[in-house]
Amino acid sequence: MKRFRAALVNFAVEHSKLVALGLLATMVFFAAFFPNMTMDTDPENMLEPTEPARVFHNAAKKRFDLSETIVVGVIKEDDPNGVFNPRTLAHVYELTRFAKTLRFADPEHPGKTTGVIEVDMVAPSVVDHMHQAGPGTIVFDWLMQRPPATQAEALAVRDRALSNPLLVGQMVSADGKALCLYLPLTDKLLSYKVYTALQEKIREFGGSEDWHIAGLPVAEGAIGVEMFSEMVVASPLTMALIFGMLYAMFRKWSLVILPMLIASVTVVATLGSMIALGFPVHILSSMLPIFLMSISICDCIHVLSEFFDVYTVEKGRKESIKEVMHTLFMPMLYTSLTTSAGFFSFVTTDIPPARVFGAFVGVGVLFAWIITILFVPAYIMLLPERMLRNFGLAAHCGDKESFLTRALHRLGELACRRSKTVLALFVACAALSVWGMSQININDNYAKRFAVGHPIREADTALNRHFGGTYTASLVLEGKDGKEIFKRPDVLDYMASLQAWLVKNGYIGKSTSLADIVRKVHQELIDGRPENFRIPASAPAVAECVMQYQQSHKPRDIWHFVTPGFDAANIFMQFQSGDSMRTEEAVQAIAGYIEAHKPPVDLSYKFAGLHYINYIFQGKMFWGMLGSLGGSYVIVLAMMVLLFRSIIWGFLCMIPLTLTIMFIYGALGFLGLDYDMPVAVLGAISLGIAVDFAIHFLERSRQFTAETGSWIKAAPRMFGEPARAISRNVIIIAIGFLPMLVASLVPYKTTGILLFSILTISGFVTLVLLPAILTIAQDWLFRARRFRVQDKVAAPDDDPALVLARTGDPKPDPANGIGRQ
């Protein structure tokens, strides 16, 4: 390995122009694949195509002719008649006509169109008003055949709508203040296109109505589009802030652009290789540049920080950079391997995009390492010597007594002087974190991925306050014996009882099924009075109700709720919350109800719908990521044991990682925040960063202890260049990603907060807890002969804190250059 290291570094130094040209050619080569980039914004693809829940979901959609639906709502709180006034209903009528025109050329089937399915739309002008024309006779009229011209006509529309229990809570709110249009789509991937077209049309109305567009397809589509557009805004802000902080620390424009170059090449090479191999860029993959930027910049900062500390005019750039690369090579290799191992563990999950994401982030980390090893020395050698004038710690002697240096020495003195107190405090915090972790909510909600104030977030809140819910799922019941069992009154009564129980106990907001259709038709066949909204007493009477319904303007609607053979039925459920944990509660409640209240015939049941698919994905994501994190932890631990050739030092190296994960997840529990997909994915980055700091702190502690003969004498040196380098990384990366907080999407805000937290916590644990542990256990940890100079043992009265207080920051030592601090 020493020969390989020397060969790489010497090649980079002696053939700097060739290395630079090679890097340029690499970037051009991989960038050439970008025009072939394809996007995959379908969250359904987070599950395997063969996943049973996904297979049944697609089968149920085909069996009951179901489609993903956009919900358009209008609310008018300031009018005593709500939305039922001529002006608002005219807008509703006009928007319904406009929605019918939202058809687009189908690229896969020339000559055909896709878009809104007119025949399945739900709106006042396209649904029936069912009423009695005489005993045993029903008439079906359009609920609102034309916009009302007077207030009296508008109120008549309201009264007719509220007389139909199937429409109350679905199309019209019970108080008449709100009204919804349901626009089914041929393909949910058209949702954002339809969403923007509807927004443009609604802006033409003016008026005082509040219009909202919601539905899971809209949220999923908007996330898929806006995550990419937000990246265009957030990434430059992040790069600009990092660039500014690098200049403040190293004071040379020619050098601070180096991390930016390496980050750019790493991202281009990684994304280019992913595209070249035919993988689409999924929603998850859109976060790939953020991960690679933080890791690759971190690599380069290590080198620049050490180069800044050791460079002198007398030594020259060539010898200085060789010395830096000589000492940094192995620690950077190990930290890169541990980081990539953490991400490679994603390939064990059941989530296809997560496997691709983990594999290519792992490859990107290795790209960043080899690019840093080769290009940084080459770039420095390409710079004229004059550009390094007034560069380095030697040229800025004041830095040795800067605020950062003084603060670090005080921190080191505190950690060593109060080592037992420090250890006790961290143990207490860890115990609290364990309790906090037990309170974590495993939950995901697409609407909550938008910041408060985003139109989709506001629509979700407003419409779910007035209606039975904009999130939908299907409970599919199927008879195991006999045909036409869903014409049996007792079976329909059972369905109605289950539906009523679910609504009464708050598991769902509303449901619609064949039982509701039969009850409404039966009500009108008798006398139209509310007390006759019930299931008829015989199967022939049920069949008569079905036949009467099929005389309506939309006879095929019934097949959304039952199969033609009446051997399977669909209960259409509406949820007022997009939380996956609420879906889980409903699923468990239904299982409990069916177990406690046996159906009159042997029935099987399964679930379908996007809302249910998201619940299944959430469970797989949690256990998959948890398994990957656990596997990564074991792999990294094994690598640490091999690196330090000691089980004890290997476990010691894992302390910052362990506590970082515990503190962050504990804080989630304390604050009542959800453990969702962004949190699960971002947890993986702590593997690389936390272990990174620990490797360099402990390796250099061992080196300095071996050189000085005791930890007591090594401690002051550790809180010189090594601690300063760790702090630079924490400051630059942690603060550098805070601009992500300006994004309108919560996953980007989460990224900024978690990166800040991971860097800050892992850096603090490394600089405070590790020296405290080394101080307490120094006789045990440093008992090997290699840590003694001529078997010299420190005097009993020597204390690391006192030595720190006496010595301050020693002169730069070329040996102080191990690793990615």
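Glycine is no exception: its Cβ is also placed from the backbone N, Cα and C atoms.
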* Asked: TrEMBL tags one of 179-198, 679-698 as transmembrane segment - which one?
  -> 679-698
* To do: With TrEMBL as the source, identify the stretch among 138-158, 726-746 annotated transmembrane segment.
  => 726-746
* Structure fact -> For the domain 'SSD' (252-382), the DSSP residue counts stand at 115 helix, 2 strand, 14 coil
* Counting Cβ pairs under 8 Å that sit 6 or more residues apart, are there three or more between the transmembrane segment (726-746) and the transmembrane segment (752-777)? -> yes
* To do: Count the Cβ pairs between the transmembrane segment (231-250) and the transmembrane segment (287-308) that lie under 8 angstroms and are 6 or more residues apart in sequence, then report whether there are at least 3.
  => yes
* **Outside the transmembrane segment (287-308), six or more residues from its ends: residues with CB under 8 Å to it** => 227, 231, 235, 238-239, 242, 246, 249-250, 255-256, 258-260, 262-263, 266-267, 270-271, 274, 320-321, 324-325, 327-328, 332, 336, 339, 343, 357, 360-361, 364-365, 367-369, 371-372, 376, 380, 391-393, 678, 681, 685, 688-689, 692, 696, 721, 724-725, 728-729, 732-733, 736-737, 740, 747, 751, 755, 816-817, 819-821
* Structure fact -> With the cut-off at Cβ under 8 Å and a gap of six or more residues from its ends, the chain residues touching the transmembrane segment (421-438) are 414-415, 659, 662-663, 665-670, 765, 768-769, 772-773, 776
* Asked: Counting only pairs 6 or more apart in sequence, are there at least 3 Cβ pairs under 8 Å between the transmembrane segment (257-281) and the transmembrane segment (752-777)?
  -> no
* Asked: In terms of Cβ proximity under 8 Å, which residues at least six beyond the ends of the transmembrane segment (651-673) contact it?
  -> 426, 429-430, 432-441, 629, 633, 636-637, 640, 643-644, 679, 683, 686-687, 690-691, 693-695, 698, 754, 757-758, 761-762, 765-766, 769-770, 773, 781
* Take every residue in the domain 'SSD' (252-382), average their pLDDT values, and give the whole-number result. => 86
